[in-house]
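Novice: The following feature annotations were taken from TrEMBL:
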BINDING   D281, K291, F325, K339, K343  CTP binding site
DOMAIN    5-179  domain 'Flavoprotein'
DOMAIN    187-396  domain 'DNA/pantothenate metabolism flavoprotein C-terminal'
REGION    1-191  region 'Phosphopantothenoylcysteine decarboxylase'
REGION    192-401  region 'Phosphopantothenate--cysteine ligase'
Amino acid sequence: MLGGKNILLGITGGIAAYKTTFLVRLMIKAGANVKVVLTESASYFVSPLTLATLSKNPAVTDFVKEEGVETDWNNHVDLGLWADLMIIAPATANTMSKMADGNTDNLLTAVYLSAKCPVFFAPAMDLDMFKHPATKKSIDTLLSFGNIMIPATSGELASGLHGEGRMAEPEDIMAFVKDYMLKGLPLKGKKVLITAGPTYEAIDPVRYIGNHSTGKMGYELAKTAADLGADVILVSGPTNLSLSHDLITVINVVSAEEMYNAAHEHFDPCDIMISAAAVADYRPKTVASQKIKKKEAHLTLELVKNKDILLSLGERKTKQFLVGFALETENELENAKGKLERKHLDAIVLNSLNDDGAGFAGNTNKITFLDKNSQIKAFQLKTKADVAKDILNEIIIRLNA
Ligand code: CTP
């Protein structure tokens with residue numbers, strides 16, 4: 001969820017600041033880019049050096065980087081615009097009041113006013129301060145600005161008193177932010193099954209029949225679906241690609257038969273199935289148990305047909321929105337329509353080998369999207385990442401129709 005996101009962590013001066021070292025670790029582990037801005041009082045509780053080391057970026061407290069070097073400064077506007085999301089934790093009563101009033105007497109509050117991204121704040125203070133109408137007023141004002149509160153919890157406080165005012169634990173802050181980011185995503189709660197890559201059909205222990213599919217299109221689809229909130233199962237033939245995403249489970253297979261079994265195993269609960277794999281149509285009838293020696297002048301391999309995975313899923317489908325791919329060289333639309341009907345699909349993505357830059361290898365693709373109601377939409381040549389967005393967008397439009 002947070003992989004590749006730019007997170008700006010603002011730390012203010014409360015004892016809970018010591019927990020932010022763990023928070024930074026969790027953000028980095030989640031694949032986020034992290035920058036830290038601290039108030040001066042926060043730096044008494046937690047060292048900027050520790051935060052800089054953990055975040056792999058300077059942890060800054062002031063506008064001026066070095067005394068006397070006026071041109072070299074921490075630009076609050078750049079920092080605010082860099083952030084995909086800002087988290088202020090702990091948020092003290094003092095800083096929340098400044099945020100509510102638009103007071104920019106320190107770098108952190110100036111960055112806050114410059115940030116256009118979602119801003120989360122995790123209040124932390126003693127219970128009487130927390131209950132005070134002034135604090136309530138600040139919180140209400142921040143909520144009215146659209147800022148998102150990560151609620152304080154109840155428990156033992158640094159003063160020894162017991163009550164509300166403890167900053168949420170770092171794990172809970174992470175879970176809260178992830179959950180928030182997921183909400184409102186169009187595929188949240190949806191299960192998506194994708195097949196990708198080639199299949200290898202063994203001839204003997206060292207040889208196989210394969211094809212040039214790189215798997216890129218299927219992997220981009222998996223990543224985009226997960227970024228849109230879906231739980232994704234990616235059944236992948238052999239590729240050089242890897243994916244690490246909280247919402248993606250990769251199942252590695254080699255042969256068409258293994259892909260068939262994995263796809264069927266995960267099909268029933270899924271809402272959307274996209275068949276992007278270049279499945280071998282045939283496999284050797286027998287697989288030699290030992291390496292075949294080059295004794296004869298001619299070698300004939302007898303091939304038998306593999307089961308069509310997509311067709312078999314089409315025959316089994318209940319609620320699933322089923323999408324296939326077609327790679328055509330002639331009578332493109334007609335052939336694609338034929339496949340759509342024969343395999344009981346809801347839509348098919350046509351790649352034409354007549355288009356430069358479309359197809360197996362490379363990073364680009366040019367597609368036409370056809371649905372079962374004969375709606376046809378042709379797209380320009382785009383990166384496979386952008387093609388994946390177009391495909392999922394077309395699917396989402398139809399799911400919501
Ligand atoms: N497909 C599959 N299992 C197979 C063969 C194909 O799931 N054994 C899926 C592909 O992932 C793709 C679509 O079916 O989504 C493409 O079918 P394709 O192989 O192009 O068409 P066919 O119907 O097999 O016809 P032809 O090869 O004659 O073009």
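A Cβ is built for glycine as well, from the same backbone N, Cα and C atoms used for every other residue.
Predicted automatically and left uncurated, TrEMBL annotations should be read as such.
These numbers come from a predicted model, not from an experiment.
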Novice: Sorted by position, what residues of the same chain at least six away from D281 (CTP binding site) have a C-beta under 8 A from it?
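Specialist: Sequence-distant Cβ neighbours: K305, N306.
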Novice: Using a 10 Å radius around its CB, how many other CB atoms surround K343 (CTP binding site)?
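Specialist: Taking every protein chain into account, the count is 21.
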Novice: Give the number of CB atoms, excluding that of K291 (CTP binding site) itself, located within 10 Å of its CB.
Specialist: 11
Novice: Check the DSSP secondary structure of K339 (CTP binding site), expressed as helix, strand or coil.
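Specialist: Assignment for K339 (CTP binding site) reads helix.
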Novice: Would you find the one among the binding-site residues F325, K339 whose Cβ has the most company, meaning other Cβ atoms within 10 Å?
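Specialist: When each Cβ's neighbours within 10 Å are tallied, F325 leads.
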Novice: Where does K291 (CTP binding site) sit by DSSP, helix, strand or coil?
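Specialist: In the DSSP reduction, K291 (CTP binding site) maps to coil.
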Novice: So the record assigns D281, K291, F325, K339, K343 to CTP. If I measure every Cα pair among those residues, what is the longest distance in angstrom, as a whole number?
Specialist: 38
Novice: Please give the average pLDDT for the domain 'Flavoprotein' (5-179) in this predicted model.
Specialist: 92
